[in-house]
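Structure, as structure tokens:
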Amino acid sequence: MVNSVIAGLTSGGGYALLGLCVVLTYRLVAVVNFALTAVGALGAFVMVSLTDRGVNALLALLAGVVFAAALSALLGAALVRWFAGHKEGTKAAVTVAIFVALTAVGVRLFGGNSTGAHRFPNPFGAPLFTVGDVVVPQSVPVSLAFALLITVAVGLLLTRTRIGLKLQALSERPGTAEVVGIPAPRLAVGVWAGVGAVTTMVVVLVAPRLGGDFSTLSGLISTALAVAMVGAFRSLPLTLAGGLILGCLEGLSSSLDAIQKYQGVVPFLVILVLLWWRSRREVWDTEHGR
Amino acid sequence: MEAPALALEGVAVDRAEVPVVHDVALEAARGEVTVVLGANGAGKTTLMDGIAGLAQVKSGTVRLAGTAVEKLAPYKRARAGLGYVEQARTTFRTLTVEQNLLVSQRGDGDLATVYRLFPELDKRRGLQAGHLSGGEQQMVVLGRALVSAPKVVLIDEMSLGLAPLVVRRLMTTVGELAGMGIAVVLIEQFANLALDVGTSAHVLRKGRIVFSGPCAELRGDERRLHRLYFGGAPSAGGPRSDGAEPGGATPPAAESEAR
Ligand SMILES: Nc1ncnc2c1ncn2[C@@H]1O[C@H](COP(=O)(O)OP(=O)(O)OP(=O)(O)O)[C@@H](O)[C@H]1O
Ligand SMILES: [Mg+2]
């Protein structure tokens, strides 16, 4: 059981990044992006389709990442162009529709649950070390390091570069940001592209553990949203923690035979618990807050 | 002849599908302060939002140095040389003073000029703008407009909620902006200070211009201003009709002296 929980950290690092992508898209361009993992899964499958044909894995990864970045940028541009003035709910609904459409296309092209499991390269599958009965696979530190690296890079980008400051300004006061000459549409498309690229890498990272069929990977959106909710769609550190927790919970549930079948329900349970918890606190706040 | 820095013709602006500003014509010249006055709800902010692109211009033209901009996105208007100091001190609160300036810096906009105009900001470069006093925040917003190297700066109710001493200080700065060759459009509800720094003035009532003329004509004439703000009997013997129609329901016979 401890083994499963530890192995779950591999996914946890990835989930943390998925949550990060959701939170960043929400904070920087004010869209709850349900299409995130569908786009990432398409990118990942572009990659495996190429490796299946004997293309070098790194080259294939690059192609997948570029493809997903471009697709994501296109979606972002469409939202900016046609839905700029609309409510958050409307934009979220649009991304849900895109999720459904992309998942349908992906399953059609790459097969569903039973037929479509592809072999994703798993370069970090070997054990790193073993303590007693506990095995720590290489993928755990790789995944955690990757999550940390991306988070730190995003943090530096946002606080240390002119573009990052403009993104922060845009996030805080979109109207005023435009008034001072910040090119909101261009920056938004950039955010979408970056998020698409990172998501593809994450999907490739977690695919070997999850079985590697399109609908499972595209369905990671429920995990991503649960993680983002742990961070309340704001806090990056809490989001990271949320990713690790979800990874471990998933590892745990996969090790217990009785509940293994319901593993997919974990993110929804987390979302429900968080909703309940937050609403409880709100009641508390309004009763005792002033 | 050189095109004026800002020229509006027949401008109508809606707010949430409701027509608020109708048929406005005005010009702002380089190096001058053009004052726009009017009571609460007259449509001053709506007009400025229309010029800057935050509200849609339904008809008419907005020209910046001769180029029509009314169809451009707000950030493109900013890049064409329009600075906008919005109502209510819109600093980026989580960014520091310096970062507020950096995100809007363009062309030969210079942070040093801002720090020279506002030494108190120089001392607080690294402080988050949200922690500044109201007056200092207004300085940040003015500075932010200045570092974008603008041709025109719209300033909306800069003085709201600030101590008289601070307001006087900021008014001096407005004069200095004009001295740098910028066309300043200054909105004020309380007229006298604005009329002191301004060259020409326009009064807006119920979304229409009811007076256009030199500031000197209105300076100190409280009764006339009151009439222009709220409507009323025609001014006795005034050379210009200034929105003589009671209630302002019909188009006023205002003439723009800028032409
Ligand atoms: N979002 C909105 N939806 C509908 N009407 C609005 C909206 N915003 C403003 N208005 C209306 O438009 C009119 C003009 O408002 P505006 O803010 O332009 O006036 P103002 O001259 O700037 O007033 P103040 O001196 O109080 O700032 C007002 O009657 C106001 O109620
Ligand atoms: Mg106003």
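Just so it is clear, glycine is given a Cβ too, placed from its N, Cα and C backbone atoms.
Here TrEMBL flags A:6-24 (among others) as transmembrane segment. The list of residues near the transmembrane segment (A:6-24) in space but at least 6 beyond its ends in sequence, with Cβ under 8 angstroms from a Cβ of it, reads 32-33, 36-37, 40, 134-137, 139-140, 142-147, 150-151, 154, 191, 195, 198-199, 202-203, 205-206, 209-210, 220, 223-228, 230-231, 233-236, 239-252, 254.
Per TrEMBL, the feature transmembrane segment maps to A:31-51 (among others).
Summarising the annotation, TrEMBL assigns transmembrane segment to A:57-80 (among others).
Feature annotation from TrEMBL assigns transmembrane segment to A:92-111 (among others).
TrEMBL lists A:140-158 (among others) with the feature transmembrane segment. Residues of the same chain lying 6 or more positions beyond the ends of the transmembrane segment (A:140-158) and with a Cβ under 8 Å from any Cβ of it are 6-7, 9-14, 16-17, 20, 24, 124, 128, 164-165, 167-168, 198, 201, 205-206, 236, 240, 243.
Residues annotated as transmembrane segment in TrEMBL: A:187-207 (among others).
If you look up TrEMBL, you'll see A:219-246 (among others) marked as transmembrane segment.
Look at TrEMBL and you will find A:258-277 (among others) tagged as transmembrane segment. Same-chain neighbours of the transmembrane segment (A:258-277): 219, 222-223, 225-226, 229-230, 246, 249-250, counting only residues six or more beyond its ends whose CB sits under 8 Å from a CB of the stretch.
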Other parts of the chain folded back onto the transmembrane segment (A:31-51), taken as Cβ under 8 Å at six or more residues beyond its ends: 18, 21-22, 25, 57, 59-61, 63-65, 67-69, 71-72, 75, 79, 88, 91-92, 95-96, 98-99, 102-103, 105-106, 109-110, 118-121, 195-197, 199-200, 202-204, 207, 212, 214, 217-221, 224-225, 233
Seg_contact(the transmembrane segment (A:57-80), the transmembrane segment (A:187-207)) with at least 3 CB pairs under 8 angstroms, min sep 6: yes
Residues of the parent chain within Cβ reach of the transmembrane segment (A:187-207), under 8 Å, 6 or more residues beyond its termini: 10-11, 13-15, 17-18, 20-21, 24-25, 28-29, 33, 36-37, 39-41, 43-44, 47, 61, 64-73, 75-77, 79-80, 118, 120, 139, 142-143, 146, 150, 163, 166-167, 170, 217, 220
